[in-house]
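Chemist: These came from TrEMBL, pasted as-is:
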type    : residues                              : note
BINDING : His63, His65, His211, Asp299          : Zn(2+) binding site
BINDING : Glu92, Arg154, His184, Glu214, Asp299 : substrate binding site
DOMAIN  : 54-400                                : domain 'Amidohydrolase-related'
Amino acid sequence: MADILIKNGYILTMDPDTGDLKKGEVAIENGRIIYVGLSYNGKADKIIDASGSVVMPGLVNTHNHAGMTLLRGYADDLPLAEWLEDYIWPVEAKLGPEEIYAGVRLACLEMIKSGTTTFADMYIHEQAAARAVEDCGMRAALSYGMIDFGDPERAESSLLKGRNFVKDFNGAANGRISVMYGPHAPHTCSQQFLQDVREQARKDDVKVHIHVLETEAELNQMKEKYGKCSVNMLHDIGFFDSDVLAAHCIWLSEGDMDILAETGVHVSHDPVSNMKTAAGIAPVPQLLEKGVNVSLSTDGCASNNNLDMFGVMKTAALLHKVNSMDLTVIDARKVLEMATVNGAKALGIEAGMIKEGYYGDLIVVDMKRPHLTPLYDVDSHLVYSARGSDVTTVLVDGKVLMENGQVLCMDEYEIMVEASKAAKKTDSQHLIDVLGLNDPSADQ
Ligand SMILES: N[C@@H](CCSC[C@H]1O[C@@H](n2cnc3c(=O)[nH]cnc32)[C@H](O)[C@@H]1O)C(=O)O
Ligand SMILES: [Zn+2]
């Protein structure tokens with residue numbers, strides 16, 4: 001007997017072996033998909049009616065700093081280095097584990113409501129992020145972000161924190177949490193530190209998550225320091241392998257792209273963040289052409305400023321079309337693949353497709369909406385017209401986290417209250433109390 005049977009939906013399996021089903025059923029048992037087809041020949045504890053909806057794999061967001069929801073709109077429209085060094089880093093120093101827990105809970109709420117079932121994260125107080133993920137039921141690949149700035153003491157203490165995080169949380173939350181090592185970037189970490197992290201990750205059999213060539217300034221800095229760009233430096237120290245997830249990868253030469261392809265590095269593309277921070281345009285069509293696994297991501301809320309992967313999908317498609325002045329360069333199906341199949345591949349999880357044996361991580365998107373009418377092509381609507389708020393039901397690990405628009409795994413109002421209280425720790429003079437927290441008559 002299945003735990004859950006989803007009926008009457010258009011099943012976008014994303015599985016090339018089975019193709020999509022105009023009307024089909026998906027059965028889930030013990031957290032895994034046990035049936036995908038026209039009609040399930042058995043009973044189920046719970047039926048979900050997906051009439052007029054698309055049932056698809058949950059979206060996979062492969063680069064986030066989830067706790068940064070607290071800094072959403074905190075310091076916008078500033079040059080990237082100034083933004084990070086003068087605003088973000090000083091304020092992050094004021095945030096403790098309780099604040100980050102509240103921020104990541106808010107991030108998870110936002111992600112669940114917009115159809116993301118798995119995210120990869122790199123941030124401070126990552127144990128608090130793990131607790132938030134455990135509590136809400138999402139799936140995540142978490143890393144403690146490490147920076148040494150060439151200081152051997154800082155390198156040692158960062159690596160120790162990273163190792164402890166890996167030891168404590170690998171496979172936590174019933175396997176929903178996986179861990180990665182998170183050296184921040186080639187220009188904020190020394191070569192020695194990057195080598196040490198690489199070695200430790202191989203020893204522990206854990207993947208690595210890093211920012212690579214996000215800005216032209218990084219490219220210039222690396223050329224000055226090492227006489228070569230980040231990709232060549234990392235390649236020369238044996239850093240690259242198929243267990244590496246590299247975010248951004250904007251300032252790449254043809255040769256850099258070949259290195260990424262040959263070493264099997266996974267690229268996380270953050271089009272909205274890259275446009276907002278004026279970082280540049282990653283050569284995604286060329287990377288895909290060379291066989292690099294490119295997935296999609298929001299980046300943190302301070303540079304996006306939300307976590308809606310539907311917005312990211314549309315932006316990715318539009319950006320590369322106009323950048324190449326060729327609208328055939330990337331189509332809706334390719335974008336959907338990046339947001340599902342490719343993301344799951346980068347994180348090494350059995351998700352991203354609705355397929356027997358895979359995790360019961362899926363979402364239901366309501367197509368009975370004015371902006372999705374009429375319906376000729378499901379792929380087109382999902383990428384060019386749908387929004388995160390069209391997602392009505394979300395399952396992770398076979399558990400229903402949201403049903404018919406009702407979030408079941410947390411109290412939405414409480415999450416907003418806690419996050420707003422945590423944001424006070426920034427000491428910002430500009431914080432506006434929209435929830436009325438300082439007004440006793442608004443107490444609930
Ligand atoms: N602060 C820690 C480690 C940093 S975690 C990851 C860092 O990435 C930062 N971050 C967020 N968005 C971006 C981006 O777009 N580019 C570069 N760094 C970013 C974020 O603010 C956070 O400080 C330490 O010093 O050891
Ligand atoms: Zn980032």
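Here the Cβ of each residue, glycine as well, is placed from N, Cα and C on the backbone.
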Chemist: Inside 10 Å of the Cβ of His184 (substrate binding site), count up the other Cβ atoms and send me the figure.
Modeler: 19
Chemist: Cα of His184 (substrate binding site) to Cα of His211 (Zn(2+) binding site): how many Å, rounded?
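Modeler: The separation of the Cα atoms works out to 6 Å.
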Chemist: Rounding to the nearest whole angstrom, report the longest C-alpha distance spanning Glu92, Arg154, His184, Glu214, Asp299, listed for substrate.
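Modeler: 25 Å is the greatest Cα spacing among the residues binding substrate.
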Chemist: Which binding-site residues from the list Arg154, His184, Glu214, Asp299 come close to ligand 2, meaning a Cβ under 6 Å from one of its atoms?
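Modeler: Checked binding-site residues vs ligand 2; flagged Asp299.
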Chemist: List the residues in the vicinity of the Zn(2+) site, defined as same-chain residues other than His63, His65, His211, Asp299 with C-beta within 8 angstroms of the site's C-beta centre.
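Modeler: Result: Asn64, Met122, Ala247, His248, Ser268, Asp270, Ser273, Ser297, Gly300, Ser303.
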Chemist: What whole-number Å value do you get for the CA-CA distance of Glu214 (substrate binding site) and Asp299 (Zn(2+) binding site)?
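Modeler: If we compare the Cα positions of Glu214 (substrate binding site) and Asp299 (Zn(2+) binding site), the gap is 12 Å.
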Chemist: Sorry to bug you, but what's the C-alpha spacing from Glu92 (substrate binding site) to His65 (Zn(2+) binding site), rounded to the closest Å?
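Modeler: Cα-Cα, rounded: 12 Å.
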Chemist: Counting all other Cβ atoms within 10 Å across every protein chain shown, which of the binding-site residues Glu92, Glu214, Asp299 scores highest?
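Modeler: Top count of Cβ atoms within 10 Å goes to Asp299.
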Chemist: For His63 (Zn(2+) binding site) and Glu92 (substrate binding site), determine the Cα separation and express it in whole Å.
Modeler: 18
Chemist: Please work out which residue of His63, Arg154 has the most C-beta neighbours within 10 angstroms of its C-beta, and give that one of the binding-site residues.
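Modeler: Per the Cβ count within 10 Å, the most buried is His63.
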